[in-house]
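These notes concern the structure reproduced below.
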């Protein structure tokens, strides 16, 4: 019996870590595939709109069946909150992120997203959702150092390509022409990095905003479904920035259709629900610490599935990123242990002091 209880505690302790790892590994594969779809020439916000619509359709039955008895009543304020959530975490974020992805590569996009823990941590300190005093503790210093190492690994991977260490040859989807756009993409490389950075900041703001929203509206399936519905319409409006041709919405390329469905189901519905749950469990800073894994996942997916060359810089940068992530989680674990020990000590103190008060009140005068 005691062994079963201990097993349950272990599962409860590590389930957020397992879920966040799986979620971000999946996101790495989504980013690599979406990059290939963008190279075909599809309007990036058309991909975003379809992706959000598919996410909403997938989540409707889950929200209805699993949360119909626990779902709070929708108020106008909650509708506005989900509209803002859709802007920060989906439509505007995708507008800048996919635009930057079209100018750069899946590896670079994931590398810049790897700075999410640092940005979220800094914003959390600014908005006071993280305590400034933790910087004076060992756990706090481990989190800061781990975050800085994550950033270093991401920057190393981005700016140091290094020699090719594999014999794989780049493989691209048939019918897509890359040669004519190579020079344009090289010229817009810095602009693409700027767009990706803006997208990462928006994603950080969404994670902090979602931390508050998940308390007011704790139904993760319904919340993600509402967010996806609003974001689908927002993406459709933002698509007018690039083109107003109705034919852009007609997609007959099977590869692109497959990527959009995969991105909607896995990259939006599943990962957003998982991230929302992770934020609710252990906070926005904790959830953001796993985003560097998308970098490693995208690099491996490019190499093993899409057969793009593997470079030394990618390997070294990935190893440095993993080291930083491990240090951050180490610090987070120490912080959790300290909080648990403190609360246990307070409970024990209350347990011992309460009987004394009762005895004093019953003692004769």
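Note that the numbers count up from 1, one per residue, in the order the chain is shown.
Glycine is treated like the rest: Cβ placed from N, Cα and C.
As annotated by Swiss-Prot, compositional bias 'Polar residues' applies to 340-356. Look at Swiss-Prot and you will find 27-157 tagged as domain 'EamA 1'. Residues or ranges marked as domain 'EamA 2' in Swiss-Prot: 223-329. According to Swiss-Prot, the feature region 'Disordered' maps to 340-365. The feature transmembrane segment is assigned by Swiss-Prot to 14-34, 46-66, 83-103, 107-127, 139-159, 189-209, 221-241, 255-275, 285-305, 310-330.
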Among 14-34, 46-66, 107-127, 139-159, which stretch has the highest count of C-beta pairs below 8 Å with the transmembrane segment (285-305)?
14-34
Please compute the mean pLDDT of the model over the domain 'EamA 1' (27-157).
85
Taking the transmembrane segment (189-209) as the reference, which of 46-66, 83-103, 255-275 gives the largest number of Cβ pairs under 8 angstroms?
83-103
For the transmembrane segment (221-241), I need the partner stretch with the highest count of C-beta pairs below 8 angstroms, choosing only from 14-34, 46-66, 83-103, 139-159, 255-275.
46-66
